[in-house]
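These features come from Swiss-Prot:
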| type | residues | note |
| --- | --- | --- |
| TRANSMEM | 15-35 | transmembrane segment |
| TRANSMEM | 54-74 | transmembrane segment |
| TRANSMEM | 82-102 | transmembrane segment |
| TRANSMEM | 107-127 | transmembrane segment |
| TRANSMEM | 155-175 | transmembrane segment |
| TRANSMEM | 182-202 | transmembrane segment |
| TRANSMEM | 241-261 | transmembrane segment |
| TRANSMEM | 276-296 | transmembrane segment |
| TRANSMEM | 307-327 | transmembrane segment |
| TRANSMEM | 328-348 | transmembrane segment |
| TRANSMEM | 368-388 | transmembrane segment |
| TRANSMEM | 399-419 | transmembrane segment |
Amino acid sequence: MVDGNNAKKTVIATGIGNAMEWFDFGLYSYLAVIISKNFFSQVDNDQLKLVFTFATFAIAFLLRPIGGIVFGIIGDKYGRKIVLTTTIILMAFSTLLIGVLPTYNEIGVWAPILLLLARVLQGFSTGGEYAGAMVYVAESSPDRKRNSLGCGLEIGTLSGYIAASILVFALNISLTETQLNSWGWRIPFLLGMFLGLFGLYLRRKLEESPIYENEQRELQKHPTREPIGVFTLIRFYYKDIIVCFVAVAFFNVTNYMVTAYLPSYLEGVIKLNGTTTSIMITCIMVIMIPLALMFGRIADRIGEKKVFLIGLGGLILLSVVAFSLMQLQSLFFVSIGVLILGFFLSTYEATMPGSLPTMFYTHVRYRALAITFNVSVSLLGGTTPLIASYLVSTTNNPLTPAYYLTVISIIGFIVIALLHKSTASKSLKGSYPNVDNEKDREYYEKNPEQALWWLKERQEKEKF
């Protein structure tokens with residue numbers, strides 16, 4: 001049996017890492033202009049400065065798959081806790097590094113080089129962070145509460161972005177432009193380091209996930225089991241990898257469309273004031289927190305597959321409607337358009353952390369999820385702002401981002417409807433059930449075939 005209260009503490013300790021990742025993401029986005037002035041001052045063109053700044057930002061996405069491979073292997077071999085402790089240390093250090101870096105005027109070309117190294121370190125550590133957090137929470141939560149607890153990781157995402165927005169807004173109204181450009185921009189990054197240290201303090205108190213410990217005991221009984229490489233992993237689990245890749249894709253395309261692309265879209269295309277845009281996006285994210293909690297509970301009751309399809313179906317039908325409302329340039333209708341996207345994004349925020357780890361067996365779960373997740377994010381999620389802005393600039397059609405989102409949602413709907421099997425309230429593949437009450441324990445004792453529902457599938461895939 002697992003302790004429900006300990007599971008909640010686990011969500012908080014792991015969610016802080018996710019909050020820190022998106023706190024950094026938000027800071028870099030909001031402070032991009034100031035960062036470009038400090039680290040690329042030798043570039044005469046302001047637009048080119050921003051290009052270099054965002055190119056440095058994009059480097060992190062290229063390193064995520066490598067981090068996923070390295071930390072995934074470590075996490076499956078040596079445990080989930082050691083990886084989560086390591087990644088948050090690296091994230092805290094890289095955040096501190098950005099906050100204390102000398103500018104180009106002080107050390108010349110070494111300034112952008114060191115900024116690039118800090119972003120490389122962030123990307124590498126992030127590659128193991130989020131997948132590890134999902135795995136750890138899923139393995140530590142009662143099966144019947146996996147989605148409602150797992151969505152706490154995405155609450156961390158929203159909270160980190162909201163905190164970055166509020167902090168940058170506070171600096172803008174409390175400091176002069178000269179102060180902000182000179183030293184004020186460093187404050188949020190220094191505060192981010194303390195957030196990371198607090199997360200490290202909480203994570204050091206965590207125990208290893210019970211499911212991983214059970215797997216290690218089983219491994220001692222079967223010491224001759226051969227290690228599974230990446231190609232063997234693909235061979236045995238290609239269907240699960242496809243479903244996971246597509247799920248991560250439609251989740252992150254929607255996520256980056258709302259969080260990364262919409263601010264610049266509303267300013268550049270819809271011609272809204274920058275401050276108004278920031279406040280609007282922040283308010284929508286605040287609304288998304290209770291929505292994610294609600295959909296997490298619903299997913300535990302009716303199954304995550306149905307909640308996936310609600311989100312996908314809604315975006316297929318209403319993405320164009322949402323972007324069309326934004327074209328009216330009325331603050332009310334623009335807000336409704338953004339809220340529509342945020343509402344359906346909440347269905348993914350609620351279900352992804354608790355569902356993605358269930359697609360793989362315990363002995364390969366960390367590396368399979370880390371590699372698949374980060375490759376999908378790097379190829380499709382992180383490129384969403386670039387693709388959306390390219391579509392608008394080349395077609396002169398402000399609705400093309402909606403068409404892109406619709407196409408991705410249609411693909412997701414087909415894959416989830418045909419290939420995904422709901423695992424809500426079921427035990428994780430390769431493990432015994434996680435229960436937090438006597439009633440469930442007695443049920444599985446009387447119905448062992450329900451407890452080990454995955455056994456037949458595993459026997460067909462592997463020989464032990």
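Heads up, the Cβ atoms here are built off N, Cα and C, so glycines get one too.
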Give the nonlocal contacts of the transmembrane segment (107-127) in its own chain as ranges (CB under 8 Å, at least six residues past its ends). 21, 24, 35, 38-40, 52, 56-57, 59-71, 86-88, 90-91, 93-95, 97-98, 101, 370, 374
With pairs restricted to those 6 or more apart in sequence, evaluate whether the transmembrane segment (15-35) and the transmembrane segment (307-327) have 3+ C-beta pairs under 8 Å. no
Considering only the recorded stretches 182-202, 241-261, 328-348, state which has the highest number of Cβ pairs under 8 Å to the transmembrane segment (155-175). 182-202
So if I exclude everything within five residues of the ends of the transmembrane segment (182-202), which remaining residues of that chain have a CB under 8 angstroms from its CBs? That is, six or more out. 9, 12-13, 16-17, 19-20, 23-24, 27, 31, 34-35, 38, 85, 88-89, 91-93, 95-96, 98-100, 164, 167-168, 171, 175
The transmembrane segment (276-296) vs the transmembrane segment (368-388): 3 or more CB pairs under 8 Å: no
The recorded stretch from 82-102, 307-327, 328-348, 368-388, 399-419 sharing the largest number of CB pairs under 8 A with the transmembrane segment (54-74) is 368-388
Most Cβ pairs under 8 Å to the transmembrane segment (307-327), of 82-102, 368-388, 399-419, goes to 399-419
What residues elsewhere in the chain lie close to the transmembrane segment (82-102), defined as a C-beta under 8 angstroms and at least 6 residues from its ends? 14, 16-17, 20-21, 24, 39, 71, 74-75, 110-111, 114-115, 117-119, 121-122, 124-126, 128-129, 132-133, 136, 186-190, 192-193, 195-197, 199-200, 203-204, 206, 366
